[in-house]
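If you check Swiss-Prot, you get these features:
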- E367: active site, proton donor (ACT_SITE)
- H398: active site (ACT_SITE)
- K520: active site (ACT_SITE)
- G168, S169, S218, K219, T220, F221, T222, T223, Q363, E367, H398, K520: D-glucose 6-phosphate binding site (BINDING)
- S2: N-acetylserine (MOD_RES)
- T53: phosphothreonine (MOD_RES)
- T220: phosphothreonine (MOD_RES)
Amino acid sequence: MSNNSFTNFKLATELPAWSKLQKIYESQGKTLSVKQEFQKDAKRFEKLNKTFTNYDGSKILFDYSKNLVNDEIIAALIELAKEANVTGLRDAMFKGEHINSTEDRAVYHVALRNRANKPMYVDGVNVAPEVDSVLKHMKEFSEQVRSGEWKGYTGKKITDVVNIGIGGSDLGPVMVTEALKHYAGVLDVHFVSNIDGTHIAETLKVVDPETTLFLIASKTFTTAETITNANTAKNWFLSKTGNDPSHIAKHFAALSTNETEVAKFGIDTKNMFGFESWVGGRYSVWSAIGLSVALYIGYDNFEAFLKGAEAVDNHFTQTPLEDNIPLLGGLLSVWYNNFFGAQTHLVAPFDQYLHRFPAYLQQLSMESNGKSVTRGNVFTDYSTGSILFGEPATNAQHSFFQLVHQGTKLIPSDFILAAQSHNPIENKLHQKMLASNFFAQAEALMVGKDEEQVKAEGATGGLVPHKVFSGNRPTTSILAQKITPATLGALIAYYEHVTFTEGAIWNINSFDQWGVELGKVLAKVIGKELDNSSTISTHDASTNGLINQFKEWM
């Protein structure tokens with residue numbers, strides 16, 4: 001299969017709309033004033049906000065009106081999407097075609113949230129029944145554990161779940177369980193990912209072997225960090241339980257497809273939850289990897305989470321480009337990245353429950369689009385993936401917002417708020433203060449404050465320029481009604497399809513991650529060198545020096 005079989009161009013810069021956008025940027029884009037655009041067009045907000053309605057009737061408003069665009073720019077961006085055949089690649093993904101060209105795989109995480117049970121095919125096989133079978137297994141298992149029907153080796157109920165994984169097997173479940181903490185039930189969940197022994201050691205200090213269930217999350221069951229941590233957990237468990245391997249069956253489950261290795265580890269293969277090769281790690285929270293989520297919030301809430309994502313999938317596949325919310329988000333990202341030279345993208349949730357959301361999106365975006373070679377196997381002559389970062393606000397306002405407001409870099413930003421708090425304490429005082437900052441930050445970034453305003457407020461002399469805000473800094477405001485499982489599912493799927501749109505325009509494969517391989521290979525070599533006491537001289541002078549100093553101090 002040709003690596004370029006889904007697109008008819010090698011480089012995005014070859015597309016006529018790209019040249020058109022470059023001319024528009026030079027003639028008006030770089031001097032466009034959002035404040036003036038609002039003055040010129042009383043209906044700008046009306047035209048540039050889009051409301052998504054979820055399967056349960058809840059709504060999320062996406063306000064794009066504070067972005068550096070006008071009707072002509074939006075039209076040219078839509079033209080770019082058409083020329084890049086974003087919809088063709090999208091449809092190929094939803095048909096189960098092998099759009100992961102470098103690994104010759106389908107990209108079918110969307111099939112995991114196909115709760116309508118439509119037939120969805122990969123290589124001629126309808127995968128919907130298998131997806132349903134795994135979900136049914138997850139439902140039965142999670143309900144047994146949560147109800148107390150599933151008991152540990154001494155007959156006690158499970159109270160704690162420890163998920164051991166890394167990358168997508170960790171970031172997704174961590175973020176989702178934190179975001180949906182309000183829906184937590186009877187179990188406490190803990191996550192171990194880092195190979196640093198501190199992570200597993202500190203976790204084992206706070207759990208009881210009689211009442212703890214370990215989930216080992218590794219598709220291949222060979223991931224070095226995960227299996228090392230899993231073996232440490234198993235050794236700890238056996239040391240506390242009389243070294244009887246038969247007890248493992250009640251306290252360990254595997255989220256994996258490698259039945260041989262799972263059985264060798266000692267886990268009963270009945271407690272094995274599989275997923276297919278067409279599920280990428282950073283898209284795996286919808287799969288068996290989400291078992292910790294189902295255990296924590298209950299299966300019904302987990303299903304609502306899936307349905308929220310499915311609703312965005314339906315919107316993405318069925319909505320015309322002009323009103324297609326994820327597509328517009330992706331096009332704006334390309335506009336800033338490739339024409340304004342923006343290198344970063346800020347996501348600031350005004351919601352403490354979403355405090356891990358930026359870290360999750362960081363992997364989604366940067367592992368997907370941190371590429372420099374196109375589907376046509378040529379190096380790009382344009383910038384691709386942005387550096388995505390963020391922290392929850394209002395904390396973020398007291399750390400890096402200074403640079404966003406008055407620094408020398410353009411940082412397009414997404415602000416996220418839920419109108420209804422799960423904790424409306426003090427007669428909603430906290431929520432109103434939070435919301436006032438959400439609205440004020442976006443407004444301040446847009447309108448700024450000029451020299452005349454600063455002087456009118458009493459500033460004089462050399463202090464004046466320090467108090468000037470240039471404004472005209474773009475934001476997208478995302479206002480949900482409430483953070484529910486369905487809302488969270490929708491927000492994640494929105495960003496997945498934003499990332500997809502970016503990658504389609506840049507003509508890169510957003511679904512591999514070859515960049516993680518070289519470091520792993522070198523780490524294996526160095527790992528062996530750390531097992532002996534001899535002085536190392538096989539690397540460059542810096543690496544040799546660091547290794548030898550480490551060995552001396554270890």
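Here, residue 1 is simply the first one shown, and the rest follow in order.
Including glycine, each Cβ sits where the backbone N, Cα and C put it.
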Which one is closest to H398 (active site) in space, judged by CA to CA distance, out of the recorded positions T53, G168, T220, Q363?
Q363
Run through the Cβ atoms and count how many others sit within 10 Å of the one on G168 (D-glucose 6-phosphate binding site).
24
Could you round the CA separation between Q363 (D-glucose 6-phosphate binding site) and T53 (phosphothreonine) to a whole angstrom and send it over?
27
Which residue among the binding-site residues S218, T220 has the fewest other Cβ atoms within 10 Å of its Cβ, if you could check?
T220
If you count, for each of the binding-site residues T222, Q363, the other Cβ atoms lying within 10 Å of its Cβ, which residue has the minimum?
T222
Other CB atoms, at most 10 A from the CB of T53 (phosphothreonine):
12
If you measure from the Cα of G168 (D-glucose 6-phosphate binding site), which of the recorded positions T53, E367, K520 is the nearest?
E367
Rounded to the nearest Å, what's the C-alpha distance separating K520 (active site) and T220 (D-glucose 6-phosphate binding site)? Just drop the number here, would you?
16
Under 8 Å by Cβ from the residue listed as 'active site, proton donor', same chain, sequence gap 6 or more:
R282, Q513, G515, V516
On the three-state reduction of DSSP, what should I expect for K520 (active site)?
helix
Spatially speaking, which of the binding-site residues S218, T220, T222 is closest to T53 (phosphothreonine)? Use C-alpha to C-alpha, please.
S218
